[in-house]
Structures are given as C-alpha cells and as structure tokens.
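Below is one structure, written out as structure tokens; the observations come after it.
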Amino acid sequence: KKDGYPVDSGNCKYECLKDDYCNDLCLERKADKGYCYWGKVSCYCYGLPDNSPTKTSGKCNPA
C-alpha cells in the first residue's frame, strides 16, 4: 500500500474543499482513508493499493 495524491487519467490531482469528498474519493479507490489537504487544496489518500495512480512529477493534462 502507499499514500499519495490520487489523480485522474490526465495525471491531475482532485481539488477539494471538504474532507468528506476526499474520503469518499479515496475509499472508492480502495484506500484506507483520505482528507482534503488545505495547503495544496487537493485530496490526499492513505493506504492506496500500489497499482492506484498517484501524482508524480509529470504535468497535469486536463481531458
């Protein structure tokens, strides 16, 4: 398992305002839990499966 910022198919993080939104998003991706990291206004997940995509150094390419 790993921790990190979940990303969509374009390697873009999920913006957020509420922890509930991120927790649900992370649970859908089979993580243990998640929250909205205010410093980056992005969802952060704990305990994601190793094969779940997370933010890397690549650029965000919105669909």
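Glycine is treated like the rest: Cβ placed from N, Cα and C.
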Identify the disulfide partner of C45 as annotated in Swiss-Prot; candidates are C12, C16, C22, C26. C26
Where Swiss-Prot annotates a disulfide for C12, which of C43, C60 is the other cysteine? C60
What is the three-state DSSP composition of the domain 'LCN-type CS-alpha/beta' (2-61), stated as helix, strand and coil residue counts? 10 helix, 20 strand, 30 coil
Spatial neighbours, same chain, of C26 (disulfide bond) - Cβ under 8 Å, 6+ residues apart: P6, D32, K33, G34, C43, C45, Y46, L48
